[in-house]
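Participant: First the structure, then my questions, so here it is.
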Amino acid sequence: MKFNEAPSADGVWHHCHLLPAADPAQAIRDGAIVVEQGRIAWLGAFAALPDVYRHLPRHDANGAWITPGLVDCHTHLVYGGQRADEFAMRLAGASYEEIARAGGGIVSTVRATREADEATLFAQASARLEPLLAEGVTAIEIKSGYGLSLEAERKQLRVARQLGETYGVAVHTTFLGAHALPPEYAGRADAYIELVCETMLPALAAEGLVDAVDAFCEGIGFSIAQTTRVFEAAARHGLPVKLHAEQLSNLGGAALAARHKAISADHLEHLDEAGVVAMAEAGTVAVLLPGAYYFLRDTQLPPLALLRKHGVPMAISTDHNPGTSPTTSLLLMMNMGCTIFRMTVPEVLAGVTTHAARALGAADRHGLLAVDRAADFVLWQVASPAELAYWFGRNPCAAVVRRGRVFRKGEGWQR
């Protein structure tokens, strides 16, 4: 079903329970939502439904819980190919260096992405996006970073925009040119950062393809000084920044991100208290990525106690990518957030709604059920919202409303 052919959600949604935000204390049992012209006009207890809305068409939610649409705030969804062969090599004991020498690793994805045309990239990314939409995702971040040339990065970002237009999902694009060194710049990292800052970013920003700028600040990525150059270039174009930080080591990337008022710092397994304090003071969201932690069989947990102590908002995301987190299930990430990272159910609910929206700089658009917001919400056939994190391998989503259009399970609802 094409997005513009899906039925309208306008009318009164009733026979439901509402969770307007992640806090269970705000739940409304026997609630109702009124949608007019694709936006939420009213919500509350059904018994308090104003008379002015009682004549509108009714949508029976069949006892479902309704939450805000989910937000997947860190993905690398658009790329060529996949790396299952590399996964098998790793399981057989091959090191990262051995895989790279055999032509694997990120270079293989860069090669496949550069070789693919936009139609191919769109078809492959669509197959990854649709399972996320089927789990209630209504807003998603999509990074570039597998092109590593102006032409190929542009191609990734154009496809990301096309996905949003085709599926009616809110796509937030992030330019991640500073993801890795392309083969042609081996040993010349500073020269490549010059290209990123002075050629790629200005051109892509001028074309309206960039909503935010990211970098990979690690020993195997880019240094603090090089990342600083990327952030300064983003500032010249009025773009917010975010950062892959402290995943493999503590270089002080989170503190750097905070100094530049980054909207998020992501991964953070090796984050220390100084970095946590800096993030808290800057209002930077901690985006936790249990899929990559699991897939890499990591043992260093993010410092949850410190993040809680200093009041840093925590988001959860799939980090969908071919090398370290080839998952298309945000619900599974919620379960892993609880079982592996030891988060609470309210924390993971906030992590895929309100806090994930903050991590995109879009808290005014996503992550809450509120009057005057777009009608983006999900119907779940569960007895309690806790079931969203409890189950794994099961999708209890019955229907999704995206931009005021209804997509029901079993009716070609993903598209």
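Residue numbering: from 1, along the chain as shown.
Cβ coordinates come from backbone N, Cα and C, glycine included.
In case it helps, Swiss-Prot gives these features for our protein:
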- HIS74, HIS76, HIS244, ASP319: Zn(2+) binding site (BINDING)
- HIS74, HIS76, HIS244, ASP319: Fe(3+) binding site (BINDING)
- ARG83, TYR146, HIS179, GLN247, THR324: 4-imidazolone-5-propanoate binding site (BINDING)
- TYR146, ASN321, GLY323: N-formimidoyl-L-glutamate binding site (BINDING)
Participant: Quick one: which of these binding-site residues, HIS74, ARG83, TYR146, HIS179, HIS244, GLN247, have their CA within 10 A of GLY323 (N-formimidoyl-L-glutamate binding site)?
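Facilitator: Those near GLY323 (N-formimidoyl-L-glutamate binding site) - Cα within 10 Å - are ARG83, in sequence order.
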Participant: Going by a 10 angstroms cut-off between Cβ atoms, which of the binding-site residues GLN247, ASN321, THR324 has the sparsest surroundings?
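Facilitator: It is THR324 that, of the binding-site residues GLN247, ASN321, THR324, has the fewest other Cβ atoms within 10 Å.
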Participant: Measuring Cα to Cα, how far is HIS179 (4-imidazolone-5-propanoate binding site) from HIS244 (Zn(2+) binding site) in Å?
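Facilitator: Counting only the Cα atoms, the answer is 9 Å.
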Participant: Restricting to the chain of HIS74 (Zn(2+) binding site) and a gap of 6 or more, list residues whose Cβ falls under 8 Å of its Cβ, or answer none.
Facilitator: GLU141, LYS143, SER264, ASP266, VAL287, LEU289, ALA315, SER317, THR318, ASP319, ALA359
Participant: Helix, strand or coil by DSSP: which one applies to ASN321 (N-formimidoyl-L-glutamate binding site)?
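Facilitator: DSSP assigns ASN321 (N-formimidoyl-L-glutamate binding site) to strand.
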Participant: Taking the Cα atoms as reference points, how far is HIS76 (Zn(2+) binding site) from ASN321 (N-formimidoyl-L-glutamate binding site) in Å?
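Facilitator: Counting only the Cα atoms, the answer is 5 Å.
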Participant: Which ones in the same chain are close to ARG83 (4-imidazolone-5-propanoate binding site), with CB under 8 Å and 6+ residues apart in sequence?
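Facilitator: Correct list: GLY104, SER108, THR109, PRO322, GLY323, PRO326.
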Participant: With ASN321 (N-formimidoyl-L-glutamate binding site) as the reference Cα, tell me which of the binding-site residues TYR146, HIS244, GLN247 is the closest one.
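Facilitator: Its closest listed neighbour, by Cα, is TYR146.
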Participant: Whole-number answer please: how many Å between the C-alpha atoms of TYR146 (4-imidazolone-5-propanoate binding site) and HIS244 (Zn(2+) binding site)?
Facilitator: 15
Participant: Of the residues named as N-formimidoyl-L-glutamate binders, TYR146, ASN321, GLY323, how far apart in Å are the Cα atoms of the most distant pair?
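Facilitator: Roughly 11 Å, rounded to the nearest whole number.
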Participant: Could you round the CA separation between HIS244 (Zn(2+) binding site) and THR324 (4-imidazolone-5-propanoate binding site) to a whole angstrom and send it over?
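Facilitator: The separation of the Cα atoms works out to 14 Å.
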Participant: Tell me which of the binding-site residues HIS76, HIS179, HIS244 sits in the most Cβ-dense spot, judged by other Cβ atoms within 10 Å.
Facilitator: HIS244
